[in-house]
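Per Swiss-Prot, active site is recorded for Glu254, and the stated evidence type is similarity to another entry. According to Swiss-Prot, the feature GTP binding site maps to Gln11, Glu71, Ser140, Gly144, Thr145, Thr179, Asn206, Asn228. Look at Swiss-Prot and you will find Glu71 tagged as Mg(2+) binding site, backed by similarity to another entry. Annotation comment: Swiss-Prot describes Lys40 as N6-acetyllysine, evidence class similarity to another entry.
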Amino acid sequence: MREVISVHIGQGGIQVGNACWELFCLEHGIQPDGQMPSDKTIGGGDDAFNTFFSETGAGKHVPRAVLVDLEPTVCDEIRTGTYRQLFHPEQIISGKEDAANNFARGHYTIGKEIVDLVLDRIRKLADNCTGLQGFIGFHSVGGGTGSGLGSLLLERLSVDYGKKSKLCFTVYPSPQVSTAVVEPYNSVLSTHSLLEHTDVAVMLDNEAVYDICRRNLDIERPTYTNLNRLIAQVISSLTASLRFDGALNVDITEFQTNLVPYPRIHFMLSSYGPVISAEKAYHEQLSVAEITNSSFEPASMMAKCDPRHGKYMACCMMFRGDVVPKDVNAAVATIKTKRTIQFVDWSPGFKVGINYQPPTVVPGGDLAKVMRAVCMISNSTAIAEVFSRIDHKFDLMYAKRAFVHWYVGEGMEEGEFSEAREDLAALEKDYEEVGIETAEGEGEEEDMAQ
């Protein structure tokens, strides 16, 4: 089996995780107590969903996941919530004091006390796997736990499981919506280690997802539950090929191979379509071409940046439901002819996966049940916009050394700030260089021909 272990860190990571496991359970017909009436093989079984769930002798399905937070509230919600029987109590780990939006607390003082316990639990899950494929991390980098403990865990996982791939779903601070003043510090410090210790990081940002909920689902004031359920659809589409048997299946390592041209350039943009409310879906069933086009719209992007300002280096489209390769090829061909969607000249660009399992929606949720959906995850130079925005905010505060004493007081050195900031400046430069026309001399002749 090619198992995957999910690691949910901090409030953001756990709440996105909640939405994901809720959706996975629905997709596989697993009840909140872990029973799965449709599953006839008791025990390990070689069913595809066993990549994400392990089976006990009693026929209970337990997510291969660890949920960690430095303060107990969010974990307690799970311990008392609908899915309280789904997780093994040891998989939910909570500390007693908060990281208080402080990277240094999550990474040095408080995180250090809990990290060995977490790694021990992960080791138990790993021992339970026959062929561990890798890890999927869920966290946000604005707060203290997701950024600090998140980076610490990723660093330690690199040491313990060097060759296993690590895919991260990372919620970045939004341009307008801010939950903490020190978000830029935490994000920059955290990205510094994401650069080294993850293979692929999918960037999400609350504001972009808010706008999608508001615009496409007519939700006037979206809650985190609305946002997380939409994000869960993206994560579900990306992992569907690991959890179901399909025609064109995609492995975690395959994402990496197809999306990352250079090790540092591994921050991905994602989008999902169709996002329509139940009332609208009643009147329209969207074709493959339509959902493909909509997934390239700047408004569909789950991070605030405009792909029209950048070039695509690679693009992975995961279709699910009633989709045949012929339609996909036609849709992709149309995309390639569009002038607004530019690829770098050294990369042909598309990888496609098809999974015949139709998309599932949470009953009573906002999303409509549709026949087919697509999730696009792409590597575009436009994502540098996200970094430059955060870097700019970082610079404004750091020039005055505002709030820095909180970090230094928790055992960080001021040098780490400038080191992380320089690393990000280098990353912005890397993105710039990748986008510049590579084959010089050839470009001019092509212009003449046009």
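Counting starts with 1 at the first residue shown.
Including glycine, each Cβ sits where the backbone N, Cα and C put it.
Positions of Swiss-Prot features highlighted on the structure.
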residue : record           : Cβ contacts under 8 Å, 6 or more apart
Gln11   : GTP binding site : Asp69, Val74, Ser140, Gly143, Thr145, Gly146
Glu71   : GTP binding site : Ser94, Gly95, Lys96, Glu97, Asp98, Ala99, Thr145
Gly144  : GTP binding site : Gly10, Leu70, Asp98, Ala99, Ala100, Asn101, Asn102, Phe103, Arg105, Gly106, Asn186
Thr179  : GTP binding site : Gly142, Gly143, Pro173
Asn206  : GTP binding site : Val171, Ser174, Val177, Leu227
Asn228  : GTP binding site : Gln15, Val16, Asn18, Ala19
Glu254  : active site      : Lys351
Residue among binding-site residues Ser140, Thr145 with least C-beta crowding, 10 angstrom cut-off: Ser140
Glu254 (active site) in three-state DSSP notation: helix
Assigned conformation of Thr145 (GTP binding site) - DSSP reduced to three states: helix
Maximum Cα-Cα separation (Å), residues Gln11, Glu71, Ser140, Gly144, Thr145, Thr179, Asn206, Asn228 listed as binding GTP: 22
Asn206 (GTP binding site) - helix vs strand vs coil (DSSP): helix
For Gln11 (GTP binding site): DSSP state (helix, strand, coil): helix
